[in-house]
Amino acid sequence: TYYTPDYETKDTDILAAFRVTPQPGVPPEGAGAAVAAESSTGTWTTVWTDGLTSLDRYKGRCYQIEPVAGEENQYIAYVAYPLDLFEEGSVTNMFTSIVGNVFGFKALRALRLEDLRIPPAYAKTFQGPPHGIQVERDKLNKYGRPLLGCTIKPKLGLSAKNYGRAVYECLRGGLDFTKDDENVNSQPFMRWRDRFLFVAEALFKAQAETGEIKGHYLNATAGTCEEMMKRAVFARELGVPIIMHDYLTGGFTANTSLAFYCRDNGLLLHIHRAMHAVIDRQKNHGMHFRVLAKALRMSGGDHIHVGTVVGKLEGEREVTLGFVDLLRDDYIEKDRSRGVYFTQDWVSMPGVLPVASGGIHVWHMPALTEIFGDDSVLQFGGGTVGHPWGNAPGAVANRVALEACVQARNEGRDL
């Protein structure tokens with residue numbers, strides 16, 4: 001009853017594309033129906049309380065199944081969920097329903113959520129990014145080029161004062177941002193409050209010297225939501241422009257709370273995706289990163305890491321650009337060659353700046369400006385701090401390379 005090939009999808013339905021690998025002997029339709037049932041109203045037996053509700057109104061439906069080209073016994077199952085199954089404005093509830101129990105299902109050898117279509121009616125219940133791309137540019141007064149960042153290394157072990165010094169050196173050399181590593185929270189060698197104070201000092205000093213607005217992603221991620229908010233409040237009191245959160249390890253509920261605070265208080269929010277590969281690396285099980293990226297845009301963040309296409313981490317170019325567009329643009333056409341399974345209309349929800357980071361350095365600059373365009377943050381960790389003359393010359397090298405590439409592109413040269 002959950003496999004309904006003649007179903008016409010509604011504009012308000014949440015649509016999901018699952019890559020299903022059934023156990024031997026299980027027909028694909030059966031597997032698709034099982035996914036739809038288990039992630040909506042079904043249970044393993046018929047219960048008398050089914051008669052007290054309208055299953056037709058509330059059940060998920062598998063409405064299309066297609067074999068995956070070049071893979072044996074793998075199918076894409078399309079499932080439509082009625083909007084009423086989900087709590088408004090809760091990414092947490094959306095995921096609990098769609099990817100909750102069903103991934104441990106016996107009839108399936110493996111299951112991967114490839115894409116979600118978020119209908120405008122549901123998207124409108126989310127605040128989305130605290131500020132978005134345009135507001136960020138206006139706050140920073142930086143236009144017509146990608147922004148430059150750098151993660152402070154060594155990520156663990158520096159004292160707060162030396163950490164602030166490293167931040168200052170990078171920023172005075174010409175970077176726009178520096179970043180706490182995702183593992184930097186509040187450890188014995190550097191407590192968060194000390195770090196925040198020294199970094200704020202570095203920011204204002206670099207700003208005064210260069211005449212440009214500078215930021216450092218102060219990581220507010222913590223063991224409890226209360227502690228996280230305390231750090232965010234302290235950052236606001238210091239007058240810094242941006243803070244940071246690890247949204248997968250911190251959780252969507254915490255992230256959404258933080259995003260609301262950031263919008264109310266004029267803070268930009270940088271999002272790191274630590275733990276994403278646990279979920280998205282396997283080709284036939286888990287969740288594709290484009291789903292995690294869409295979820296982040298709904299939950300709220302102004303920057304998110306997306307890999308590089310050229311550095312040390314995995315990522316295919318077309319597919320990466322597919323979810324980069326899903327983060328930045330308002331309306332994205334379905335395009336299977338880029339992994340976009342559904343046309344997505346974000347109805348004016350602010351966009352998220354993609355952050356390219358991971359093993360990139362100055363030689364990659366032409367490729368990066370070409371691939372990511374102006375609306376991006378290019379983040380060079382070792383690619384700045386690894387400069388033989390130090391942080392500031394490393395920062396200068398990156399800024400000069402970026403300005404040169406942008407100028408060449410604007411003159412119509414091929415990078």
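Cβ coordinates are placed from backbone N, Cα and C, and glycine is handled just like the others.
Not measured: the values here are computed from a predicted model.
Taken from Swiss-Prot, the feature active site, proton acceptor applies to Lys153 (among others), supported by sequence analysis. The secondary structure of Lys153 (active site, proton acceptor), as reduced to three states from DSSP, is coil rather than helix or strand. Sequence-distant contacts of Lys153 (active site, proton acceptor), defined as residues of its own chain at least six apart whose C-beta falls under 8 angstroms from its C-beta, comprise Asp181, Gly381, Gly382, Val385, Gly386.
The active site, proton acceptor annotation in Swiss-Prot covers His272 (among others). If you take the C-beta of His272 (active site, proton acceptor) and look for same-chain residues 6 or more apart in sequence within under 8 angstroms, you find Glu182, Asn219, Met244, His245, Asp246, Tyr247, Ile304, His305.
In the three-state DSSP scheme, Arg273 (substrate binding site) is classed as coil. As annotated by Swiss-Prot, substrate binding site applies to Asn101, Thr151, Lys155, Arg273, His305, Ser357, with the evidence given as sequence analysis.
Look at Swiss-Prot and you will find Lys179, Asp181, Glu182 tagged as Mg(2+) binding site. Taking a C-beta cut-off of under 8 Å and a sequence gap of six or more, Lys179 (Mg(2+) binding site) has these contacts in its own chain: Gly149, Cys150, Thr151, Ile152, His216, Tyr217, Met244, His270, Gln379, Gly381.
For Lys179, the entry in Swiss-Prot reads N6-carboxylysine, with the evidence type sequence analysis.
Annotation source Swiss-Prot lists site 'Transition state stabilizer' at Lys312.
The Mg(2+) site, placed at the center of the C-beta atoms of Lys179, Asp181, Glu182, has further neighbours from the same chain whose C-beta lies within 8 angstroms: Thr151, Ile152, Lys155, Asp180, Asn183, Val184, Tyr217, Asn219, Met244, His272. Taking Cβ-Cβ distances under 8 Å and a sequence separation of 6 or more, the neighbours of Arg273 (substrate binding site) in its chain are Asp246, Tyr247, Leu248, Phe289, Leu292, Leu296, Ile304, His305. Of the listed binding-site residues Lys155, His305, the Cβ environment within 10 Å is emptiest of other Cβ atoms at Lys155. Secondary structure at Lys179 (Mg(2+) binding site), taken from DSSP and collapsed to helix, strand or coil, is strand.
Maximum C-alpha to C-alpha distance over the listed substrate-binding residues Asn101, Thr151, Lys155, Arg273, His305, Ser357 is 37 Å. The secondary structure of His305 (substrate binding site), as reduced to three states from DSSP, is extended strand.
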